[in-house]
Amino acid sequence: QEAEDDKKPLFIVALSFVYFSKALIGTYMKSSITQIERRFELSSSHVGLVDGSFEMGNLLFIAVVSHFGAKLHRPRLIAAGCSLMAVGAFLTGMIHFFMGRYTYDTVIQGFQNDSVNIAACADPEKTLACVGDSGSYMWIYVFMGNALRGIGETPVTPLGISYIDDFAKAENSPFYIACLQTITLLGPIFGFLLGSYCAKLYVDIGYVDMESLTITPRDARWVGAWWMGFLVSSALLLMSSIPFWFLPRSLAKQEEDADRPSPAGEASEQADDAVVNSHNFKLSEVAKGFFPSLKRLLGTPAYFLLLCGSILKFNSIMGLFTFKAKYMEQQFGQSASRANFLIGKNILSCNRGCSCSAEEWDPVCSDSGITYVSPCMAGCLSSSGHGKNTVFHNCSCVSSSFPPGNSTSVRLGQCPHAKDCSSSFTSYMVISVLSSLVDSLGVTPGYMVIIRCISPELKPLALGIQTLATRTLGGIPAPVYFGALIDLTCLKWSVKRCGGRGACRIYDSNMYRIIFLGLITCLTGSSYFFIIAVIVLLRRQFKKPQQETETPQPKASNDIELKTSNPIECEANNPKTPTQPHNIKAGGLSSIDTQEEMQLPEIPDGDGVCSSAQR
């Protein structure tokens, strides 16, 4: 018994570590969206589809696992899921080693060792032949790895929560679930920290000379070591699966420990259950019980309303966390509005003789704070320095825009963001933390409402259907339509080597902010209407039992009077029945009459109403 009692906190700790690990890799995937988008030359809507593959893999098995998993060994199913998540994360990270080295377009490529007279304003010459890029379709493996991770996470939440609720006391379940959610909140923190660290490291670190790079992490062409975090997360997920292989199929209820059977009897009972399951576990028979259970579940008003609110809220959460890192980068990491960024779609008189290509992207910054798409667009004639320290001189567009005496030189790279962006970023983070805190307060009550407003045998199915619905109607479409709307704010697209649109280089920050925050606000506000409806419904349900207990019981005596008011009819149907007067009082039958009625013999009769009246 002591050994089994020790396994209860072990399960809580092990499941908490699983929640932490899956939250970490999920957040890391969100923080690496920009890096994956640039590495594979994808649009925001396209990379949203890749991110949604996790939900696609999850929904394929969530209903089956939730319904059938309760009849199988739940800890081992969780262990298998963790192992599958580790395989998916490992596959995603290993793709980097099969893609070759990352290359980016720059006008000074091949001149890094020169210090003067780089011809920035010259006829563009294609130095790279149009050959098929070996990594153009490698994003499919990221899609597959993310889908495997989604399949592996399927049994964790429904089976883990139901397993806890089965062995825990009713008053202890909220505490255990709150512990899980608290540990889960640490996962995004470390996930974003890991994503920030890997984003500062160059994607081919260890294989290239970092001094020869002409771009910095602030450049839109920079790709960080996105693959590194997936390998780290894979190791964590594999470690988290180990304890579940050694946990029993079920644990005794906490208040029933004194009546728990002996270990030998329990083992034989589990063996009998396994034999019964092996003979009776037929898909057709179980499917017959699945659809009635689903009908009962969706017919519960509180559960259905809470499900609708969860779907809308999950849409906003998925859109927020998928593109939050990109939003912060565009809003606070650089000045990217139309006012201070010269796209150069129209040829200016100052660079008319340079034959500048509209496909070039090698931004330079002037002392006035204006970023030019390329040195050619700035009309520069010469340069000095090498690598990140390259400076271009005699830029005709800079001199024509400002009075004489100002510098006509530009330096490589985009202009830094404005100084007031730091204070705005602080305000944004404070509001973001407070809103996340408020949202997290409703997670545990939401779980408790779900598992308390339905029958106990429907708990795994209820949690599974909730996960299925939110992932299907929120997790899959949200990143796609969020990304499609964000693509509408793009000001400059990259061009692939053989033609075609690549990743977006710069966005209109004002339109980005309006679309991104406006969509999140609409979805979140709509979800609150359903939550309020659930609260009103539950309050009405709790008031009914209180009113019934407070009212007196004359209704019961009236019922008795109705049943015994026609003794003649009963006598006609049963002539052998003795007709004794019933002394009906305001408070009900007297004690003597009640005893006499209880002593009457049972008379078999086909008329149920009459026989019940006689009794």
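Just so it is clear, glycine is given a Cβ too, placed from its N, Cα and C backbone atoms.
According to TrEMBL, the feature transmembrane segment maps to 9-29 (among others).
TrEMBL lists 77-99 (among others) with the feature transmembrane segment.
As annotated by TrEMBL, transmembrane segment applies to 175-203 (among others). Sequence-remote contacts of a segment are chain residues at least 6 beyond its ends whose Cβ falls under 8 Å from one of its Cβ atoms, and for the transmembrane segment (175-203) they are 12, 15-17, 19-28, 30-32, 34-35, 39, 96, 102, 160-161, 164, 168, 210, 213, 217, 222-229, 232-233, 325, 440, 443-444, 447-448.
Residues or ranges marked as transmembrane segment in TrEMBL: 224-246 (among others).
The transmembrane segment annotation in TrEMBL covers 302-323 (among others).
Annotated domain 'Kazal-like' per TrEMBL: 344-399, in sequence order.
Summarising the annotation, TrEMBL assigns transmembrane segment to 514-538 (among others).
As annotated by TrEMBL, region 'Disordered' applies to 546-615.
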Mind checking which residues of the chain, 6+ beyond the ends of the transmembrane segment (224-246), have their Cβ under 8 Å from one of its Cβ atoms? 10-11, 13-14, 17-18, 21-22, 24-25, 28, 32, 35-36, 39, 75-76, 78-83, 85-87, 89-90, 92-97, 145, 152, 194-195, 198-203, 205, 217
Quick one: find which recorded stretch in 9-29, 302-323, 514-538 has the most Cβ pairs under 8 Å with the transmembrane segment (77-99). 9-29
On the 0 to 100 scale, where does the mean pLDDT of the domain 'Kazal-like' (344-399) fall? 73
